[in-house]
């Protein structure tokens, strides 16, 4: 019995020693690791059985087993274990790869990676041995990381990206703020409309767009507004919202939490808990809605010059932590329950507002309507009723009672570093036109309840977008009056929409829309290229 066991132990040790020659194995590393693990388990069991026999001392076979177990973890050629760089928020560990596919300098920490040459790193990324998203943390050089990722992408896909610009971007600035795993940036033309005379000040409005005729149209609207004495704006409300979803054991219990959260007597306490998250975030109100035993609590707060989504989310987490002490049976489902509502056209935003709620108006003189807009006051009023009001109602629009507010909002958002996806709710707008001064002049207004903008954070840090904000005089934070820059930017958005609405409606009323687009938004060049 002892002889057979001894022979098995010898074979195990021999196999283990052969398995230690990592680089000499023709098998993939995952198979080699599996064999090594089996050998480790068998050797450990064998050693434990022998050690449990106290009537006989350890022999050569047992000593060899101990040596093997030690050498397995101390072998100089063994692949290094994953370093702390795995804790990068991506969720997931590195897959084992053949040693030849991963250059030796990459087995260590960032210092070794920095010394590796570009070819080694690109090969590792292309093969999957080095995850692309770790390049910045391993190299410590964001520009180099983007350049090598770009080359690895070319090798993996077999397609070049020469037309995608690389130089001219500050890749360090976007790290952890704007974009992950960058390989370049997209160029968009930026036009300037204006001057827009708004609240007694002139603005030259930057617009990033690929739609020909858009900037020209807004520019014409600005000219009509300025020639008539300018436009005026009113900020109705300033409050970013976040609505977590929580679940309670019963609808009755959810109603109790609703009553507690909305009670005026508890507001100061909840506001104090909420406001701990920021110097600028200040809770304004809490409104709740029930769906069975699920409760949606809509927290609204001012956020200074930031758009404020992160700010309000942190404050909400503070309040949820407090409420769980008061209502220990409350189960937090999500910090966002879609009652906020972010990046979706919703009735709650249309009615309650989100971000900045702005009204902008102007009285356009009759002669300006005729000379600049090439139409009449009567035609414009009739068109607005039939198209923007009745037509949108027939379509079942939700906040879409306008001609093309989204066009202007998106162009301004991209130019000034806002979140383009928030164009969804920010473009909710109702355009109103009326005859005034005995029908001689035109009163036009736009009401926009959910303009979500900021002058700090997000894409506002990028050089191009910061330049556009600077052009408008709203770059960065207003230290003298926190929040003033973001509020002014919201009014500029509304004023620009006013100009765009006025000009497009005039083009439709006069029948000039198609002619204008044929002049400024032609696709004939692309068609000719495709044909050739």
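Cβ coordinates come from backbone N, Cα and C, glycine included.
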Out of 36-76, 77-117, let me know the one Swiss-Prot marks region 'Linker'.
77-117
Out of 211, 419, which has the highest number of nearby Cβ atoms, where nearby means within 10 Å of its Cβ, if these are the active-site residues?
419
Would you count the other C-beta atoms found within 10 angstroms of the C-beta of residue 343 (active site, charge relay system) for me?
16
Do me a favour and check the Cα-Cα span between residue 343 (active site, charge relay system) and residue 419 (active site, charge relay system); whole Å is fine.
10
Cα-Cα separation of residue 211 (active site, charge relay system) and residue 419 (active site, charge relay system), in Å?
19
